[in-house]
Amino acid sequence: MPAEMQAPQWLLLLLVILPATGSDPVLCFTQYEESSGRCKGLLGRDIRVEDCCLNAAYAFQEHDGGLCQACRSPQWSAWSLWGPCSVTCSEGSQLRHRRCVGRGGQCSENVAPGTLEWQLQACEDQPCCPEMGGWSEWGPWGPCSVTCSKGTQIRQRVCDNPAPKCGGHCPGEAQQSQACDTQKTCPTHGAWASWGPWSPCSGSCLGGAQEPKETRSRSCSAPAPSHQPPGKPCSGPAYEHKACSGLPPCPVAGGWGPWSPLSPCSVTCGLGQTLEQRTCDHPAPRHGGPFCAGDATRNQMCNKAVPCPVNGEWEAWGKWSDCSRLRMSINCEGTPGQQSRSRSCGGRKFNGKPCAGKLQDIRHCYNIHNCIMKGSWSQWSTWSLCTPPCSPNATRVRQRLCTPLLPKYPPTVSMVEGQGEKNVTFWGTPRPLCEALQGQKLVVEEKRSCLHVPVCKDPEEKKP
């Protein structure tokens, strides 16, 4: 199908090219997390970018809290989740983005590392907007909340005059309260005063005939229960006992032993770490004494000064060659031919593994390029993304296309005896003929404005 007959599927905008990283010291990390774009596993500070990126799997930051940058060749990150809809009801728009991440090159379409790319689409969280309701008249006052002294009573109203719609509500309170007086005196119930101080321990060590303990008491006087009308006495014990603490044997704090020799470097290329260990046994803690303060291990950075291998990766397949057959014209004839495409293995360095798989791909085909065929109008396509994505005047389109009715050629062919049936595909752009629709013969297009377009903001920018 010609490019001018297709509805746009992705609408892109490139923004914010980050400053190039020089040779100033950076923070070096052992992992670049693709899903979040964050650096993981801090290896060391004040490292040169060239040393950190001896391993293409590492990543770096120019300063604490800065943008994490991968050492590998530039690639597009995964698309972020769609942002919130610009309105909470009716139709609006939402954005998502991705970033060109890496160093030493460019992403597809000659895009520099650090560049943001945006997409905008229409959205609708809720098909209707809330409508406020109205209150009914207040109901009668309810009974007093207490049977003696003063309390409160309430009355209520209902949000149904009219009832709210589509998630709306009535402004104000559904309930009112006011003071009420029963004209009756309430009894005073007893309450405990605060506990007194603990008495001295009844013993000086553990293991005697009786368990050493401390005792404290309290009185029912805060307040005391009334006599007329009678109040309830305090519930619970007036005395409390507990076992004495801090008696011998005394605790012994732990102490560190000497550091072990350095372990070998953890890697054979690039930057790694060595490890030292020590044990809390000079002396070991006893009788509840505290464990040794500090770390039982410590790391030091080591540099093998050897680049790490980088395995090759297949580049995208090239275009299919023309569908042809040796010494025979097969255009519009229904005779099968062959076509091929190839790809290259790039990025392999420092004795990395070559790409696995085929360098060339061959398939069987029918050549229908520029063949005149009967056509039919397709259904409306889905709405495209909004373009431009960061403009308040963004629009979206959908299309109906004159699509060819492909001939019913055999779907498989046996070109070489003993090799079985092979699938055959159609190749080329035919010339479909349809009855005119809205004055058009090939494409009918409908355009619509995108509503409530949000502002494009770099998600890495710090909020004030």
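Keep in mind that glycine also has a Cβ here, set from the backbone N, Cα and C atoms.
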Say which of C386, C390, C402, C434 is recorded by Swiss-Prot as the disulfide partner for C456.
C390
Among N393, N423, residue that the record in Swiss-Prot marks as N-linked glycosylation site:
N423
In Swiss-Prot, which of 229-237, 337-345, 346-354 is tagged region 'Interaction with Complement C3 beta chain'?
346-354
Based on Cα distances to C166 (disulfide bond), point out the closest of the recorded positions C68, C71, W195.
C68
Averaged over the domain 'TSP type-1 5' (311-372), what pLDDT does the prediction give?
93
Cβ atoms within 10 Å, counted per site: which of W79, W377 has the most, among these glycosylation sites?
W377
If you count Cβ atoms within 10 Å of each one, which of the disulfide-bonded residues C28, C39, C159, C402 comes out on top?
C28
Given a Cβ distance threshold of under 8 angstroms, which distant residues of the chain, six or more beyond its ends, lie next to the region 'Interaction with Complement C3 beta chain' (346-354)?
73, 269, 307-315
Drop a 10 Å sphere on every Cβ of the disulfide-bonded residues C68, C71, C180, C365 and tell me which sphere holds the fewest other Cβ atoms.
C180
Do you know offhand how many angstrom separate C456 (disulfide bond) and C52 (disulfide bond) by C-alpha?
33
